[in-house]
Amino acid sequence: LPLLLKATLLHLASGSYHPFYNGFYYNHIMNDNDDGQDKVDYFNGARLVVETSRDPVYSYNGANVTLPCHYHYEPDLGPKRKIRIKWSKLRDDFTKEQDVLVAIGKTYMAFGDFKGRAHIHQASRHEASLVITDVRLKDDGKYRCEVIDGLEDENDVVDLRLKGIVFPYQPPRGQYRLNFHEAEHVCQDQGAILANFNQLFQAWSEGLDWCNAGWLADGTVQYPIRLPRKPCGGVHLAPGIRSYGPRHRHLHRFDAFCFSSALKGEVFYLDRPAGMTLEEAKQSCQDAGAEIARVGQLYSAWKFLELDRCSAGWLADGSVRYPIVTPRANCGPAEPGVRSFGFPSKGRFGVFCYRER
């Protein structure tokens, strides 16, 4: 063992040993020409500073958005140096960050769902902004802009928020029938995704009051209360977001809080004098060059397009609902909202259709 240790130390001391190099972070440990000559990067006395937007950047489904990021040196080093840029998305459950894009000079590579949708915008000196095209619902969240110059590595975080609406969802089988993975699927089926806490909090601040607990994207179960009452945590608790904390994603069952953003198309209403069955309603939408609307699309049309219709209509999940912007007699409660008739097994109604623009 002593002889082996001695031999190892002699090998490390020789010129044949190369330090660890991962091809991205430490561009000065081995030089860019890869001629086998090691280089040492000494601290140059300048401090690398990375800055993003202090305020959230707002966008919506289907839009293009730029997440600003700039860097500089204190003191200024003059001409632009060759640096590495890395963008990553932080996860709601604080697990490993999702790689979005890496760039070296004019060469970049996007990863996963961001392939073909993400690139670096460098219109000015020391800019490292990220452009995301065709924004999707799950793009909502916090992004880290990381700049690497040799052994110096600095970063800052910017918050991308989609303009949207949170709505509670129960399946036809009734209350508290969904585990976490089923909740993810039912939201996707309704043109939405599971809401995150920030989205639920925003909805609560805008007036959402719902006494049934539902899954959120991070695997916690929560519900928003504006008017404290006995069945909803008690009358002595202050208004706010009630939380059950993280629940078992397979075993525990609750409802879901879904999030939908602004629409690329339009929702419109069709009817017949005698009404329609669900199958007839689907066919009527197809005949109009559209498809039967999903629940998330109806909520989005109500919130962003001010769709107001005091006539009940079928939706894709087999539910019957109608959106009210201006409350009035014979149109339900005194507050605006999307009214629900549940999931009738029979009956004849109109239908809400969705058509892309």
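In case you wondered, yes, glycine gets a Cβ from its N, Cα and C as well.
For Cys232, the disulfide partner named by TrEMBL from the candidate list Cys211, Cys258 is Cys211. For Cys211 (disulfide bond), the same-chain residues 6+ apart in sequence whose C-beta sits under 8 angstroms from its C-beta are Tyr223, Ile225, Arg229, Pro231, Cys232. Helix, strand and coil counts from DSSP across the domain 'Ig-like' (46-158) read 6 helix, 60 strand, 47 coil. Over the domain 'Ig-like' (46-158), the average per-residue pLDDT in this prediction is 91.
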